[in-house]
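The structure appears right after this line, and notes come after that.
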Amino acid sequence: MKTLAILVLCSLAAICLTSSASAGAQPAGDSPVQGGLFMEKDQASAVVRQTRAAKELTLAQTESLREVCETNMACDEMADAQGIVAAYQAFYGPIPF
């Protein structure tokens with residue numbers, strides 16, 4: 001999914017750069033670098049948020065997920081086959097903690 005998003009953004013950037021280049025000459029003081037191709041690190045971090053790796057679940061948290069999943073027979077069987085985290089997410093959505 002990330003690859004598709006990056007590909008689309010690169011395609012749009014290429015289209016914008018080629019269309020502005022073919023539209024006419026730029027003034028001498030307006031180089032592409034000053035035109036916004038690059039940005040400061042703090043501005044870039046506001047646009048692209050870094051995701052952190054998920055932390056390990058504690059034994060109490062895992063047991064809590066197991067108790068919720070035990071009430072649903074299909075979820076309980078999936079937990080035995082694929083793991084409690086995959087089963088909980090499939091039936092109840094994202095893990096709440």
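Glycine too: its Cβ is placed from the backbone N, Cα and C atoms.
In Swiss-Prot, the feature 4-carboxyglutamate is attached to one residue out of Glu40, Glu63, namely Glu63. Swiss-Prot records 4-carboxyglutamate for one of Glu56, Glu70, namely Glu70.
Taking the Cα atom of each, Glu67 (4-carboxyglutamate) and Cys75 (disulfide bond) are about 11 angstrom apart. Long-range neighbours of the domain 'Gla' (53-93) within the same chain, counting only residues 6 or more positions beyond its ends whose Cβ lies under 8 Å from a Cβ of the stretch, are absent. The recorded positions examined here are Glu63, Glu67, Glu70; by Cβ neighbour count within 10 Å, the least packed of them is Glu67. Ranking the disulfide-bonded residues Cys69, Cys75 by C-beta neighbours within 10 Å puts Cys69 at the top.
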